[in-house]
Amino acid sequence: MQAKKPGGSSGGGRSGELQGDEAQRNKKKKKKVSCFSNIKIFLVSECALMLAQGTVGAYLVSVLTTLERRFNLQSADVGVIASSFEIGNLALILFVSYFGARGHRPRLIGCGGIVMALGALLSALPEFLTHQYKYEAGEIRWGAEGRDVCAANGSGGDQGPDPDLICRSRTATNMMYLLLIGAQVLLGIGATPVQPLGVSYIDDHVRRKDSSLYIGILFTMLVFGPACGFILGSFCTKIYVDAVFIDTSNLDITPDDPRWIGAWWGGFLLCGALLFFSSVLMFGFPQSLPPHSDPALESEQAMLPEREYERPKPSNGVLRHPLEPDSSASCFQQLRVIPKVTKHLLSNPVFTCIILAACMEIAVVAGFAAFLGKYLEQQFNLTTSSANQLLGMTAIPCACLGIFLGGLLVKKLSLSALGAIRMAMLVNLVSTACYVSFLFLGCDTGPVAGVTVPYGNSSTPGSALDPYSSCNKNCECQTDSFTPVCGADGITYLSACFAGCNSTNLTGCACLMTIPPENATVIPGKCPSPGCQEAFLTFLCVMCVCSMIGAMAQTPSVIILIRTVSPELKSYALGVLFLLLRLLGFIPPPLIFGAGIDSTCLFWSTFCGEQGACALYDNVAYRYLYVSIAIALKSFAFLLYTTTWQCLRKNYKRYIKNHEGGLSTSEFFASTLTLDNLGRDPVPANQTHRTKFIYNLEDHEWCENMESVL
C-alpha cells in the first residue's frame, strides 16, 4: 500500500497537469474572444457603422446642387436620386428583418456594410466616365477671359465649343444619371440589416432599464453622421471637380464663382473606405453574447404570462438552444407566416399610429433636410460650401444632442407609456412652432431684369417681362447656365451678357439705362437684399433649437414600439417600422418637396433645346411652399400622437382600476407606473391582464410567441 502511494500521487499529478493545461488553453481561448463578447464593444462597432452610413447619406444631400449643375438636372431629378436609396432598402427590409432575426445578426450587418461600401464607390464612378468640365467655354459661350459677355461686336464669336458636340454628350450624361440611381439603390440594399438587426441585438443583451440609453446613443451616432457628411461636403466642394486631371494652379475661378463645380465624387470614395473598415469588425461577434445576469430576471419573457409547457426563449428568434422545434420549419412555411405576423402587428392601433407618426416626423427630415442646403443658397445667397459647413456644424449636432437627451430622459425619469407619448406630443408642438417662424425668416428674390422687373425698371405689365430686350437682343446671350451679376442700378441681371456688357471687365453695360454710360458696370453675384443677414442669423438659431427639440421624440417612440410587441416579434416589428419609414417617410418627401420647389421657378435654363435646371426662384413662394409642407407633416404627426395617447389612456382606464386613466402633474413626464413595473404587480389575479396590456395595448388577439401566430 505504501508503494502505491507515490505512483498514485504521480498519476494524480499528471492528471492535474493535464487539467491545468486544458484549463489554461480554455482560458487563453476565452481571452481571445473576450473583446467581442462585450455588448459595449458591439455598441461601439455598430455606432461606427451607423456613423459611416449617416455620413454617406448626408454627403449625397450636400452635393445635390453640385450634381444639378454638373449633369444639368432638375430638382425633381435629384429628388429621384435621393429616393433611390430608400427603394433599395424597401425591397429587402421585411425579409432581412424576419429571417435575419433567426440568423447570425452581426455577420449579416457586416455583409450589409460591405454592400454599402460598394454602392458608395459606384456613386463616384460617373465623374471618371464622363467628359471633363470646361468652365472656360462651359456648356455656354464665354468671352476670352471666361465671362459671358455680349457678342454683338463679334468678340468671342468663335470662342464657344461646337453646340452639336455638347448635345451629343447628352446621352452620356443620362447614363451617368442612371448610374447614380443604381449606386444609391445598392446603398439602400446594404443598409437593410444595419438598423433593425443592430437595435434588436443590443436590446437583447442589455438590461431593460438601460435599453433606452443604448438605443439613444445608437441613433445619436446615426444622426451625427450627417454632420460629418455635410462637413465633408463643404471640404470636397472647395476642391475643383477635375483636380486630379488638370493643374489647378492655372484656374482663374474660385469656389465663390457661380461656374465653380466642386469635387463631389471625393467624399463617396472616402465614405466607401469608412464603410468597409467599420463592417469588418462585425464578423468577430458571436450570434449571441453570454448572458450578463439571470435571463429570467432581465428578459422581457419574464413579463409574459407563465405557461408550464413553455420553455424560456430569448427574444427575436435567436435560439441559445439549437434544437428548438421550430428550427425544422421550411423556408416556404416561414414565408407563409410573414403576412400573418404583419397583419397581427398592424391590427394594434398603438403600434400602427406610433409608426405612422414616426413616418411623418421622418418625412419632414427627409424632405426638408434634403433641400435645406439648396434653400440656404437661394434664400440667403450662400455658396454651396458655406451652406454645407453651417449645416454640419450647427443644426445636425443639435439634433444629435436632442436624440441623446430623449433617450436619457426615458431612462432617468422612468417614463411610462403615457409619459413617453406626452413627451413626443410636447416636443412636436414646440418644433412645429419653430417651423411656423420660418415662414417669416427669409429674403426676397429682389429685382431681376426681365424676370421680376422690366429692363429700365419702367412700369410695364408683368406679362411683358422678357429676359431679352432691345439692349441685348443682338448679343446672342445663352441660357444654358445662370451667372448673375449685380448692376450699379441695384438690379440683378441673369448674366453680363443680358446686362449688355461688351467687355470682360464688366463695363459698358448697355442695359443699365438709368445709369450714366461711364458708370454702367456690374459685379459678379446677386444684389444683396436689405436685412437678409439678420434674418439668416435668426433662422440659424431657431433651426438649432428646432433640431434639438424635434429629435427628442425619436428614442421614446422606438421604445414604445418595441415594448408593444412580444419579444419574438421585436426584430420583425422593427423591420416593419423601417419598411414604412422608407415607404412613407423617405421616398415620397424628396419627390414632393422637389416638385414643389420646381413649381416656384421663375426662369429655367435650357440645354440643347430642352428645359434644364432652374436658374432663378421666387424666394417668397419657395419659402412659403417649402415650409408649409413641413408644417402640414408635423401637424399630421401630432394628430397621430394624440390618437396613440387616447388609445393608451383608454387602456389605462380599462386595466388599472384605481387609476382612472389620468396622470398627476408629477406623472406627466415621470409616472411611477412604468412599463418595467406594470407587468410585475404583486397581485396574482391581475398579473396576467396587466402583462397582456403591455404587449396588447388594444385588447386584440393575444400573441405570446411565434407559434401562436402560426
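Heads up, the Cβ atoms here are built off N, Cα and C, so glycines get one too.
According to Swiss-Prot, the features are:
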{"type": "DISULFID", "residues": "C471-C501", "note": "disulfide bond"}
{"type": "DISULFID", "residues": "C477-C497", "note": "disulfide bond"}
{"type": "DISULFID", "residues": "C486-C511", "note": "disulfide bond"}
{"type": "DOMAIN", "residues": "465-513", "note": "domain 'Kazal-like'"}
{"type": "CARBOHYD", "residues": "N153", "note": "N-linked glycosylation site"}
{"type": "CARBOHYD", "residues": "N381", "note": "N-linked glycosylation site"}
{"type": "CARBOHYD", "residues": "N457", "note": "N-linked glycosylation site"}
{"type": "CARBOHYD", "residues": "N502", "note": "N-linked glycosylation site"}
{"type": "CARBOHYD", "residues": "N505", "note": "N-linked glycosylation site"}
{"type": "CARBOHYD", "residues": "N519", "note": "N-linked glycosylation site"}
{"type": "MOD_RES", "residues": "M1", "note": "N-acetylmethionine"}
{"type": "REGION", "residues": "1-25", "note": "region 'Disordered'"}
{"type": "TOPO_DOM", "residues": "1-40", "note": "topological domain 'Cytoplasmic'"}
{"type": "TOPO_DOM", "residues": "61-79", "note": "topological domain 'Extracellular'"}
{"type": "TOPO_DOM", "residues": "101-106", "note": "topological domain 'Cytoplasmic'"}
{"type": "TOPO_DOM", "residues": "132-174", "note": "topological domain 'Extracellular'"}
{"type": "TOPO_DOM", "residues": "204-222", "note": "topological domain 'Cytoplasmic'"}
{"type": "TOPO_DOM", "residues": "244-261", "note": "topological domain 'Extracellular'"}
{"type": "TOPO_DOM", "residues": "287-344", "note": "topological domain 'Cytoplasmic'"}
{"type": "TOPO_DOM", "residues": "367-386", "note": "topological domain 'Extracellular'"}
{"type": "TOPO_DOM", "residues": "411-414", "note": "topological domain 'Cytoplasmic'"}
{"type": "TOPO_DOM", "residues": "439-539", "note": "topological domain 'Extracellular'"}
{"type": "TOPO_DOM", "residues": "563-571", "note": "topological domain 'Cytoplasmic'"}
{"type": "TOPO_DOM", "residues": "598-630", "note": "topological domain 'Extracellular'"}
{"type": "TOPO_DOM", "residues": "649-705", "note": "topological domain 'Cytoplasmic'"}
{"type": "TRANSMEM", "residues": "41-60", "note": "transmembrane segment"}
{"type": "TRANSMEM", "residues": "80-100", "note": "transmembrane segment"}
{"type": "TRANSMEM", "residues": "107-131", "note": "transmembrane segment"}
{"type": "TRANSMEM", "residues": "175-203", "note": "transmembrane segment"}
{"type": "TRANSMEM", "residues": "223-243", "note": "transmembrane segment"}
{"type": "TRANSMEM", "residues": "262-286", "note": "transmembrane segment"}
{"type": "TRANSMEM", "residues": "345-366", "note": "transmembrane segment"}
{"type": "TRANSMEM", "residues": "387-410", "note": "transmembrane segment"}
{"type": "TRANSMEM", "residues": "415-438", "note": "transmembrane segment"}
{"type": "TRANSMEM", "residues": "540-562", "note": "transmembrane segment"}
{"type": "TRANSMEM", "residues": "572-597", "note": "transmembrane segment"}
{"type": "TRANSMEM", "residues": "631-648", "note": "transmembrane segment"}
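In this structure, the glycosylation sites under consideration are N381, N505, and the one with the smallest number of other Cβ atoms within 10 Å of its Cβ is N505.
Residue density at C511 (disulfide bond): 27 other Cβ atoms are found within 10 A of its Cβ, drawing on all protein chains shown.
Count of Cβ pairs under 8 Å against the transmembrane segment (345-366): among 41-60, 387-410, 631-648, the largest is for 631-648. Long-range contacts of the transmembrane segment (175-203) within its own chain (CB-CB distance under 8 A, at least 6 residues past either end) are made by residues 39, 42-43, 46, 49-50, 53, 56-57, 60, 67, 71, 73, 77, 80-82, 84-93, 96-97, 100-101, 105-106, 108-109, 111-120, 122-123, 125-126, 129-130, 211, 214-215, 218, 222, 275, 315-316, 558, 562, 570-571, 574-575, 577-578, 582.
Non-local contacts of N519 (N-linked glycosylation site) by the CB criterion (under 8 A, 6+ apart in sequence, same chain) comprise A488.
With helix defined as DSSP H, G or I and strand as E or B, the topological domain 'Extracellular' (61-79) counts 15 helix, 0 strand, 4 coil. If you measure from the Cα atom of N502 (N-linked glycosylation site) to that of C511 (disulfide bond), you get 11 Å. One residue stands out among the disulfide-bonded residues C471, C477, C486, C497 for having the most other Cβ atoms within 10 Å of its Cβ: C497. Looking only at Cα atoms, C511 (disulfide bond) sits nearest to C471 among the recorded positions N381, C471, C497, C501, N505.
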